[in-house]
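*Asks:* Here's a structure for you.
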């Protein structure tokens, strides 16, 4: 777990009850409740999901109040628990992706989240159908024009403070702020208003993986009751709102949702992670026969942003044995060379990925000819991302790449490449019983490419959200 994330989760005396005992429904009871929940969802007209830290524990992110929760261990003097992988590489759980499919089919109308891990957005929930009550560790907001930027790295600050970056709108350019609330901060109106509105409209509010203790967020589901709506709670610990709920299920969220999706006969889509890299080549003639050039590999989020998924870059020249291979081990990745102006060459850029990526590297080939002036182009980003996801799904592996845009200027050229770096499937057997479907939500049963049966080792659709 990163230091920044640990600070964001740091213990306070006013967090309420911690170290809650986990309660598990008996298998027969759990099966009956899963079937009941599936029927409730099937009949719902306006389903709202209200999510907490419990839906992300399967992603390697610890919760707060459970036996091994952040606040529980801190109260016991044991410090912050270790995450199983870098925070920025966490992948959506089965529950995250199930919610995505329920939204796509029109069943789920809105998601309200207390989490700051960005996994709802990365999984594919549209920004306009999501309220992030406590902010997002990977999001920056322009206080001037309201533009929102989703990053592939954890933003450095919390408490809605200024960050090192500026709004990319040429008419604005204001300093950006982080979106994560600090203790005592009021919940943002632009998140609370739609959350409250949808809870009032909801005939079902499905509370997943939340102890429902932090106010005022925990009171939002209750607003559905005035209109005759129902509250369903799926959590391992008892909550203060259990008596208000029509159905309380004590079980692991992924297990419950796997059973529900099986009962509804709705398949859970695979998750394909796509990251971006910005490659820039600047050049200047030296005398008549040589040219000096500088290659830079960086984040598309600007010079002040890290490139968190790339560990190192190897630059080789497969057609030119006279040109030495370079190994770039430190960000920013920069290579300076001087070569003959009239001799074209091809660069092979091998990107070695960091821990948490399902493939260890991919190679981008870049043809360089200082005598030829190529044209700039911008491809349809949505089509490119869809193609990459489809290719990764069909080929059962990651590492595919496509150029999203390329810009050619007299003394420079640059390109943005999209690369698939993770893929995960969440399989529900077509012939499984509900009891078998329940077991599919277990971590050991989540099929990851490159693992054996024992488990050994997005773009957002919102018009206001910007990737680059």
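Using N, Cα and C of the backbone, Cβ positions are placed for all residues, glycine too.
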*Asks:* I'm validating the feature mapping. Which of 421-444, 445-468 is tagged region 'Disordered' in TrEMBL?
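*Replies:* When 421-444, 445-468 are checked in TrEMBL, region 'Disordered' belongs to 445-468.
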*Asks:* Check the domain 'Deacetylase sirtuin-type' (27-267) for me and report the mean pLDDT.
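*Replies:* Summarising the domain 'Deacetylase sirtuin-type' (27-267) by its mean pLDDT gives 91.
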*Asks:* When you average the Cβ positions of 142, 145, 167, 172 for the Zn(2+) site, which other residues in that chain have a Cβ within 8 Å of that mean position?
*Replies:* 143, 144, 146, 147, 166, 168, 169, 173, 174, 176
*Asks:* Validating a neighbour-count step here. Other CB atoms within 10 A of the CB of residue 142 (Zn(2+) binding site): how many?
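*Replies:* Step by step: centre on the Cβ of residue 142 (Zn(2+) binding site), count other Cβ atoms within 10 Å, giving 22.
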*Asks:* Give me the CA-CA distance between residue 142 (Zn(2+) binding site) and residue 134 (active site, proton acceptor), in Å, as a whole number.
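*Replies:* Taking the Cα atoms only, residue 142 (Zn(2+) binding site) lies 17 Å from residue 134 (active site, proton acceptor).
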*Asks:* What is the separation, in Å, between the Cα atoms of residue 172 (Zn(2+) binding site) and residue 134 (active site, proton acceptor)?
*Replies:* 26
*Asks:* If one looks at the chain holding residue 145 (Zn(2+) binding site), which residues at least 6 apart in sequence have a CB under 8 angstroms from its CB?
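*Replies:* Spatial neighbours, sequence-distant, of residue 145 (Zn(2+) binding site): 167, 169, 171, 172, 174.
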